[in-house]
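Features reported for this protein in TrEMBL:
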ACT_SITE  110  active site, proton acceptor
BINDING   48, 49, 112, 163, 164, 219, 264, 265  Ca(2+) binding site
DISULFID  37-348  disulfide bond
CARBOHYD  248  N-linked glycosylation site
CARBOHYD  265  N-linked glycosylation site
CARBOHYD  319  N-linked glycosylation site
């Protein structure tokens, strides 16, 4: 497929029943290359999610340990890395975590999100899985010291299996639970049978409520630049859902888009409002890893998602020879940063 090839909206339905088919076990990947791409030095064990601030600083979560997923550094705790996309040849720096009550040894970061307060204080919210449980860790970013000050650990019964998060305040967020069950054995059968029981939650210190449900593996979640719409990726149904957000934080479904790939994390361009999606074109290979036949990567861009004819473009696609198991992609001033579940990260010019 040529660079920037476009797909008509709704062309590729992902509504299937077979567990094998839902994971795109047999799909072939047509490579779509970008100029001047290079692997990011210092990222060897994943870059599952990333968040780019308006000033070009990017937070990257690495070292995720997730049941059934390959781990290259199983004995090391996860980290949050910082990358300055304004640099000509950006490198990553591990952010030191401070705070007396935080257990670094069990840190297992997954989805991340930031919130910038009126006084320009930047809060980083990180989904973590200590001992395969689910928490949200709240940090304050201290830019001069290049540290993260741990402020709080958030737990709740409606946050049992968190995947991703989008902050709407320092302690306010929407989050997806990718499974209904917590037990690893039960989650396997939940996914294999296609039980659409996962859900999305709104959390605040005073109120926690399920806002959307009935998902077959709720995954990435994000919000439009104007704060009026929430986007949720339903991985195993191959869908992106659009919801209208109301003043009381409730969500009303507006539309869904179908794809022929497993959609993962969603990034939103703060300038254009375009959605950038990290995808798994052959998801079975993610769960049954073979270094001789690795999982591929795919990045989609969705323009004008609120219109009757959104434009969907395959911006990047690789069969795993360069980048394995992409999960996320974000843009900043003509550059594209692509993250993965357990592999490397790729930095490209658009």
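Backbone N, Cα and C define each Cβ position, glycine as well.
Listed in sequence order, the recorded positions near residue 164 (Ca(2+) binding site) (C-alpha within 10 Å of its C-alpha) are 110, out of 37, 110, 319.
For residue 37 (disulfide bond), the same-chain residues lying six or more positions away in sequence with a CB closer than 8 A to its CB are 322, 346, 347, 348, 349. Neighbour density around each Cβ, counted as other Cβ atoms within 10 Å, peaks among the recorded positions 112, 348 at 112.
Counting other Cβ atoms within 10 Å of each Cβ, the recorded positions 163, 219, 248, 265, 319 show the lowest value at 248. Using CA atoms as reference points, the binding-site residues 163, 219, 265 were checked against residue 110 (active site, proton acceptor), and the closest is 163. Same-chain residues that are not part of 48, 49, 112, 163, 164, 219, 264, 265 yet have a Cβ within 8 Å of the Cβ center of the Ca(2+) site turn out to be 110, 111, 127, 220, 327, 328.
Cβ neighbours of residue 264 (Ca(2+) binding site) (same chain, under 8 Å, six or more residues apart in sequence): 219, 220, 233, 235, 277, 278, 279, 280, 326, 327, 328.
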